[in-house]
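**Q** Structure provided below as structure tokens; questions to follow.
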Amino acid sequence: MQVSGLCESLLQRCDLESRINNTTHHTDQNGIDRLIVRRGLPFTITLHLRSGSQFEAGVSTFRLIVEIGPLPKEQSGTKSTFSLTDSALKTAWSVSTNSPPGNVVSLSVSSPPDVPIGLYSLTLDQGQKVKLGEFVLLFNPWCAKDAVYMEEERDRQEYVLSQAGLIYKGTTKRIKASPWTFGQFEPGMLDICLKLLDENPKYSSDADADCSGRRNPVYVTRVISAMINSNDDKGVLVGNWSGDYDDGVRPSHWTDSVAILHQWADNCCQRVRYGQCWVFAAVACTVSRALGIPCRVVTNFGSAHDTNSNLLIEFLYDEDGNDISDDSVWNFHVWVDNWMARPDLDAGYDGWQASDPTPQEKSEGVFCCGPVPLKAIKEGELNLKYDAPFVFAEVNADVVEYVKLTNGRMVKMGGSSIDVGHFISTKAVGSDERHDITHLYKHPEGSLQEREVFERAKHHHELQQKGEEPGLKVKIKVSPDMDIGADFDVFAVVTNNTEADKTCRVMFYARIVSYDGKPGANCGFIEDLTMEVPTGKEKRLPLRLEYVDYGDTITSDRLIQLVLIVIESSPREFHKAKRTIVLENPDIAIKLLGEPRVNQKLSAQISLQNPLPEPLQNCFFSVIGASLTDGKLLIQNVGTVGPKQEAKYTVEFTPTSTGSRTLTVDFDSDKLSNIKGYLNIEIKE
């Protein structure tokens, strides 16, 4: 029987073809039990009519309705109603079919490449409306018309589909890679990321306008930046740099985003304690990739925090060498780059955009930062959206140092235009190598171009000081082997390049410091030593750092700051050198026991030698890996480990999919923590 309609009584069922569509749309890692597609690319659904009913193109008529949000509207683009057409449209929702007459109708549904992303309902309308189901629509880096399009497949594999990565920490002298599991395709992650968008204050004030704004990756990236921290909304993480984490989780303990996002979602969006910059950035990367925005985690070594927006880091010290300034330079700071077009700006600013979810300064009244084009930062175009001056200062601020004398007079002690913004790092595409991207953020340090850019920024507030340049050169040298638990020497080096002998007062001290530059307890000190330095000569002064002095107070960052102050007696000139060292952790050894095959149990032997001259108490190994540990963090208490003894753990897990996977291991104890290791595993059929 031929019918001219598809009323509910004639429709037996609708198949959203999740398996085929999800594979075609590169979303099958989310699973195939529901429809998840990317905008700008057609997807197929199949209508099964009841026995005796028949569909015939050109005769049967119907409309489809897609809606997103609680109050969808045609004018805002959150609702669209469209009828059967001969072929797909590029600028509007459309549906077409090539099915012959019969009771099975295959429909090709196409979305424009600039519609809002999120959870949609799909309805069949022929006077009587029948809900066919729901689907999730994501950004599409594979679609040339989408604002997040990336040309190279290897880039899409790295910045959208990869669930594991490396985050760089330490100092410019010792850059260390730490593994992180982003896990954007682990069970529940996509729903949590969509929930994060719905919990932002803009959704609460105007849900339809917020859902409409989700067509724009610039808008979505700003929402993510604001919602990863919890300073002024129901965001995910609480920042804590105090060193006291008794009522939460120490930031260095986290190794994956999955546990953090699950804890937030499972506890009614109660903020998770605690995070620091690399945790904020890693979770932002997970959410961005889950929604289809290409993203990478970036570390800037020697990262300035300019509190008064004058592009200068002004360090002020009293005569005893105490830091009394407001500005700071962090040993490292971590944020993210997102890839997108910028049609809101002049031509030439598409591509990587910096965004920083760590709560530092407010942007348009909210604790968020970016996105701002890397090209704008490099060329000093600080009038471009968003937050260009703050990011520019992070990588290119000048440093000026002063001593405030007891009589109130300010004496310039030094300064530098090359101390900020070094070894800006991210994981390389397709490998575990460090990729230096400093050249994308700034011209070569000290070059004429770099100086011209700084001047062109129009924010340079140079403090003029009279007086001759210092006649002495001071610096700090260190020993080659500085392992946690060891005793070692560091050296103050004073070179007299003047024509006269010099008598100097020397203060050389070491203190524990956290990665954000906050000082801790002293662990070595040479005070008020008089040094005679003949003209043309160099003098070295050793300072012995012993585990007995630093062991009880060093943080999980394992950073010690060395400060050298040299005061010439005549004329009275101040010189200062500062260096931060990172003590080496022991390595975690990971050895596979058996051949890695999908759906077959696999064991790995994990070990670590205690380098300390004292026992480690409450030793734990934590293990996780996307598609390896079933989304769970495996924890093993190995008790007490004596000096130079090994902590051992044999972990069992079952890989659930083929391909390259990463097993991430964390070791934690009372005196030694924040130790990471990882092993890349190729899973075969």
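Just so you know, glycine gets a Cβ as well, placed from its N, Cα and C.
Below, the features straight out of TrEMBL:
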- C277: active site (ACT_SITE)
- H333: active site (ACT_SITE)
- D356: active site (ACT_SITE)
- N396, D398, E445, E450: Ca(2+) binding site (BINDING)
- 269-359: domain 'Transglutaminase-like' (DOMAIN)
**Q** About how far apart, in whole Å, are the alpha carbons (Cα) of D356 (active site) and C277 (active site)?
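**A** Cα to Cα, D356 (active site) and C277 (active site) are separated by 9 Å.
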**Q** Filter the recorded positions C277, N396, D398, E445, E450 down to the ones within 10 angstroms of H333 (active site), Cα to Cα, kept in sequence order.
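**A** So far as Cα distances go, the recorded positions lying within 10 Å of H333 (active site) are C277.
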**Q** For H333 (active site), list the number of other Cβ atoms lying within 10 Å of its Cβ atom.
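**A** There are 26 such Cβ atoms around H333 (active site).
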**Q** State the mean pLDDT for the domain 'Transglutaminase-like' (269-359).
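**A** PLDDT averaged over the stretch: 90.
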**Q** When secondary structure is assigned with DSSP, how many helix, strand and coil residues does the domain 'Transglutaminase-like' (269-359) contain?
**A** 15 helix, 41 strand, 35 coil
**Q** Roughly how many Å separate the Cα of D398 (Ca(2+) binding site) from that of C277 (active site), to the nearest whole number?
**A** 22
**Q** Between N396 (Ca(2+) binding site) and C277 (active site), find the distance joining the two CA atoms and give it rounded to the nearest Å.
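**A** Cα-Cα distance, N396 (Ca(2+) binding site) to C277 (active site): 19 Å.
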**Q** So how many other Cβ atoms are close to D356 (active site), meaning within 10 Å of its Cβ?
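**A** Total other Cβ atoms inside 10 Å, all chains included: 31.
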**Q** List nothing but the one residue from D398, E445, E450 whose Cβ has the fewest other Cβ atoms within 10 Å; the candidates are the binding-site residues.
**A** E445
